[in-house]
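What TrEMBL lists as repeat 'FG-GAP' is 224-278, 345-401, 406-467. Positions annotated as transmembrane segment by TrEMBL: 921-940. According to TrEMBL, the feature region 'Disordered' maps to 955-980. Residues or ranges marked as compositional bias 'Gly residues' in TrEMBL: 965-980.
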Amino acid sequence: MSLGLSMTNDPASGKVMACGPTITREYCPGLLDIAFLLDGSGSVSNRDFNTMKDFVKSLIQSLRGWNTRFSITHTKVFSQRRGSRSTSKKVLIVITDGASNDYYSLKDAVKKAADANIVRFAIGVGQSFSQPTAKTELVTIGSTPTDTHVFQVDNFNALEVIRAGLEESIFSIEGAQTGEDLKMEMAQEGFSAAYVPGGFQMASVGAYGWSGGFQSYLDNGQLTFSQEKELVDPDSYLGYSMAVAKTIKGPVTIVGAPRYHHRGVVFVFSQSFRLSQTVDPSPWQFQIGEYFGAEIMAMAVVPSQPYSQVVLISAPLHMEEGWEGRVYVCTLIASRVDCQFDAPVVLRGQAGERGRFGSSMAPLPDLNQDGVYDLAVGAPLENQGQGSVYIFHGDARGTMNTRISQRLAASDVRPGLRFFGLSISRSSLDLSGDGLPDLAVGSKGTVVLLRSKPIVMVEAQVVFSPAQIPSSSSSSDCITPVKISATVCFTMTRHSAVQTVQARINFTLSLDTTRKRAFFVPKVRTQSESFNLSLQGRCFPYDFYVEPCPEDSLNALFNELHFWFDGLPSNDNLRPSLAQQAQTISRHPLGFKINCDNPCVDELRVRFNFSGSSAVQVGIDDLLTVTASLSNLGEDSYSSQVILTYPAGLSFRKFSTVQGRVECSSLDSENGVSLGRSSCLVYKPIFKSNAKAVFNVSYGIDSNSQLSRKILITANATSGNVDHSQQSELFQKEEIGVKYSIFLSIGSSLSYTNFSFGKSDLYKPVVNPVKVLNFVRAFNVTVLIKVPVRLGVEKIWMEDLQIPECRRDGEQEPNIQNFQKEIQHNLVVDCSVASCLVFRCNMFMGREQNSTFTIAANLSSRWIEQIGLQSAKFLLISTATLEYDEDQYIFYSTESKNAPPIRKIVTEVEVYTEANFTKEIVGGAIGGLILLAIITAGLYKAGFFKSQYKQMIEDAGGDGEGGEGGEGGGDGGDGGGEAP
């Protein structure tokens, strides 16, 4: 019967329940002899008789799973000689096809069968049983009630239809009240159990084909609830573990099914046994075969808490690197179990051990006397099957501490133990009579009773004389060390009800562990001791020395005392354990005496400025320098410092001292959200009265920084003095504006045109492109273009001027009214002498982006005559400049002193007078005629116009006057050449 396989206790009443889940059930199947009586009369054909035999074979085959033995006989079957058993129940199955011929003999035979307690089933085949007489005989043959013992079919082939109903009726005779009870045959009720107020509950892990379930009973054993159907799949083992948790809504039952879907699940049932929650780790983390829910325990960690606080669920077959088994620590909120599977709190055993950690669990009383309950967890397969038990302490926050407090290995308890920790008693009673709780742990064939150790508290104290180190000003020189006496005392108090306890204490006292300004003897700064400590306590005196005039006379000596505890056995062989909250390492500072009234009151005043800077110019300035000063108008100040805070985007570069002694360190913003912090120690360690320090701290400005419109710098003066004068000025904050550098270029090309003077109806096309290029950063900008459009009363352009992507913003009147004189002087037509149309081109420009605006129109010649110059070259000048948020941006230019450029867009207009050659032509013609006349007269006079014939006549007339004459004529010709 396995009595004691599961045990539980009721803390309220002190009752203990031991279960034997394999005991024979009250309605366990008994012995059963079944006989078949087949109608062999002539009315049954061979075919139908064979059908009856097949029916009998089929019915027998369906009974083979129930430990049935078979024999066939044609004689008396219910006799011991023929194999019938005297203690078995008898069943007779009669199959017939009609009424008998001897009704009275039938009644007598039925009476004898009833007296022999033979249960009879009558099966009528055929239409004859529709007659009242035949029907009456069939009912007479069968036992009562007739609805489960009398069957009727139309023909032999229909016998198979009634087989299922006949089997159910036979099984009811075999063991229980109804056929449904077969589902509880292997229930193993009591495999796990738990007390509830007014009763108890027992799990039936084998019910419904090992699907499992549970039942609830009153204290008197009356059944109040039984699970009537399968809740989970077969072989889930629902009820393998069970716990009842106290909640504000009443008790809830928590049941584990560790083989559910081969991984395990836990179900939570309300007080009314309604399924309220399924605790399934599968959406987050699970392992096939981890046996989640193998052990479940609900407990209150804090003794004053009336309700359960945690639910512990084990998965002893969970595998991970270095471990086997884990326990989930789940919180109980109202009546809901929260395991936080996305980031669970789990308990584990020692790494490297595959020990089925979590195979057993038990709540423990407050072993370490810290005010909360503790927990024991078994790992029975550790150390090659020897086993271990782990102790975990509770946490005052209502959960469990995941750190292992103690590991009890079987080899440390007794050699030869196997599977130590297979079970752990959930009742830690004082069985040894020493006033301390004991723990019973099961192993294979052995139960081990573990006694609790008494808990003691050990406190260490160090007292110095004098209580402060005299300052260097009271010492006659800086050569002789200062002597200090120290007394080290240990006291031990009991946390458990024991009379005498002892322990071995080893301790080490270390002087000034951080700066090494003290020693016992030169170069020796530690002292060690070992002694036995009882409840009376012990003290040890020591002398040590402090170096004279140390450089650091502000920070105290941090002396450290470290002790080790080893419990000694008492008369009853119990060794005490040191309370977990005991401080085995303690620090005992020894400060320097301060040379001022107690307390010292300083009067610090901090100031700072931005060294003449009016704004942070990002992209122009490399550094922002903060000039700070700290003065002390009160008593000596200790550990004085100025803390500067600055925003992200600035980075510490350097510091320099103007006056005094200053040491600065800085930590820039790491995440772009927190402030940077510069700490500047002033006259470390003592800032004397009426002293002053001035220093500069420079911060680098990243050209890509994105700062606020204004940045805030703060300065905070602090010191180690407890009190400050009311006149102290310890804090200052200043804001400085931020401007971002921008640089854009505006370009245009020279255009040229010309007109003839005196013609006012001429026009020429003019195109002036204006190109804007942004180099540094993206921002909103306006390009402002001014174009001369009217000179005096005449328009400069033929049509209404427009610039694409720009809007007109009115006209600007000239400031010089006498434009003729001004233009004649400098030959420039611009907005100073002409009315100008103003265009605003608004846009957002990205870095390295360019935009082009075009001034394109027909230039008129009407305005030129007003100037009064018939021939000249004028410069028609438009301008382009930039507008932007000057509170946020600054133009980067060394030439214009950070002012935006004004670009001139120039069109050269040439005016000339056309030449008039009328007078020249007339005069030239007349002169030509006169010259021709003179030339003609000269030629005539020279005889150019005489004919040759006339000359020949004249020559002939001369020859007729004489011969000499002819010769003389020749001479005369020469002489004639000389005559006038």
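Residue numbering: from 1, along the chain as shown.
Even glycines carry a Cβ here, placed using N, Cα and C.
Given the structure is predicted, the values throughout are model-derived calculations rather than measurements.
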Residues of the repeat 'FG-GAP' (406-467) by DSSP state, where helix covers H, G and I: 4 helix, 30 strand, 28 coil
For the repeat 'FG-GAP' (345-401), the number of residues DSSP places in helix, strand and coil: 4 helix, 27 strand, 26 coil
For the repeat 'FG-GAP' (224-278), the number of residues DSSP places in helix, strand and coil: 3 helix, 24 strand, 28 coil
PLDDT averaged over every residue in the repeat 'FG-GAP' (345-401): 90
